[in-house]
Amino acid sequence: MERTFIMVKPDGVQRGLIGDIVSRFERKGWKLVSGKLMMITREQAERHYAEHAEKPFFGELVDFITSGPVFAMIWEGDEIISLSRLMIGKTKVGEAQPGTIRGDYASHTPLNLVHGSDSQESAAREIANLFADSDIISYDRAIESWI
Ligand SMILES: Nc1ncnc2c1ncn2[C@@H]1O[C@H](COP(=O)(O)OP(=O)(O)OP(=O)(O)O)[C@@H](O)[C@H]1O
Ligand SMILES: [Mg+2]
């Protein structure tokens, strides 16, 4: 079972899309093991987007992600890292397919509503950046005995 870090970005929070995004993950069958509304610090934002430090849009990315509250979550599921990125949709608005979160709601690439980890290494690093081990809740769902 994989774990991934999912974050509704400030635009998604301000547009009232937390519920829609959480609902899509719930309906897919994935398990929420932590979630919180929070302001991320500049240091946390720079660590989160460290891979983009040399890109021309890095400053704007950090400014944007720290500009208002985000809804940070940890979800579990089989192959959830690749499957959740399919559900989120492509980064560029012109490539995000209808039916995906970005395809349905994003109309400007930098305002793409939601983040999802792109590998197990990224997920572990991104989760450790914003959560303590004690924030993660382990629980059983009866339905899991059938998977
Ligand atoms: N060319 C660009 N111009 C402006 N912003 C960009 C550009 N490319 C990426 N970004 C911003 O940087 C973020 C990180 O880019 P990345 O390539 O990691 O995309 P992603 O993995 O789909 O998005 P995220 O990491 O936020 O989930 C994007 O979500 C987007 O907001
Ligand atoms: Mg990314």
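In case you wondered, yes, glycine gets a Cβ from its N, Cα and C as well.
Positions annotated as active site, pros-phosphohistidine intermediate by TrEMBL: H115. Note: H115 (active site, pros-phosphohistidine intermediate) has non-local neighbours F5, I6, M7, K9, i.e. same-chain residues 6+ apart with C-beta under 8 A of its own C-beta.
Under the heading ATP binding site, TrEMBL lists K9, F57, R85, T91, R102, N112. Following the DSSP three-state reduction, the secondary structure of N112 (ATP binding site) is coil. In the shown protein chains, 22 other C-beta atoms lie within 10 A of the C-beta of N112 (ATP binding site).
Across the domain 'Nucleoside diphosphate kinase-like' (1-138), the model assigns an average pLDDT of 97. The feature domain 'Nucleoside diphosphate kinase-like' is assigned by TrEMBL to 1-138.
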For the domain 'Nucleoside diphosphate kinase-like' (1-138), residues assigned helix / strand / coil by DSSP: 62 helix, 30 strand, 46 coil
Binding-site residues near ligand 2 among K9, F57, R85, T91, R102, N112 (Cβ under 6 Å): none
Largest CA-to-CA spread of ATP binders K9, F57, R85, T91, R102, N112, angstrom: 22
Candidates near ligand 1 among the binding-site residues F57, R85, R102, N112, judged by a Cβ under 6 angstroms: F57, N112
